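Notes follow once the structure below has been shown.
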Amino acid sequence: MQKLRVFLLALAALCISCEAKYFATNCELVHELRRQGFPEDKMRDWVCLIQNESGRNTSKMGTINKNGSRDYGLFQINDKYWCSKTSTPGKDCNVTCAEMLLDDITKASKCAKKIYKRHKFQAWYGWRNHCQGTLPDISKC
């Protein structure tokens, strides 16, 4: 029991030290997406998707969906297919959902690209409902 208590305290301390990232502007987000290797020709789509899915906040956890699943992080990656709710990486992206909430978006970006490769932007309701034909101007970024 004592070992469990120590482990939980260490885990809590680790979580406190992990801060989520909020991208204050579209340009700040664009610079990070470029760093992550997102293609320029789809950049406006990615920015719009992220604005509408997570509000540019890596720590965003969606409400529980009708099917019992939940969406996580900047790209709102779903735990039914893509990330594992346990501490063991799994599902199609071989990551934990907790990793989707980190300020380092490397794993979340890789997973989002995998989702896009399979389903394009249609995989995200935020893009479907708000971005088709209405993309942000990022020309000054």
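In case you wondered, yes, glycine gets a Cβ from its N, Cα and C as well.
Keep in mind it's a predicted model, so treat the numbers as computed, not measured.
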When you check Swiss-Prot, which of Cys97, Cys111 turns out to share a disulphide bond with Cys93?
-> Cys111
If you have Swiss-Prot open, could you say which of Cys97, Cys131 makes the disulfide with Cys48?
-> Cys131
Please report how many Å separate the Cα atom of Cys27 (disulfide bond) from that of Asp71 (active site), as a whole number.
-> 24
Please spell out the DSSP helix, strand and coil residue counts for the domain 'C-type lysozyme' (21-141).
-> 54 helix, 11 strand, 56 coil
Go through Cys27, Cys93, Cys97, Cys131, Cys141, the listed disulfide-bonded residues, and name the one with the sparsest Cβ surroundings, counting other Cβ atoms within 10 Å.
-> Cys27
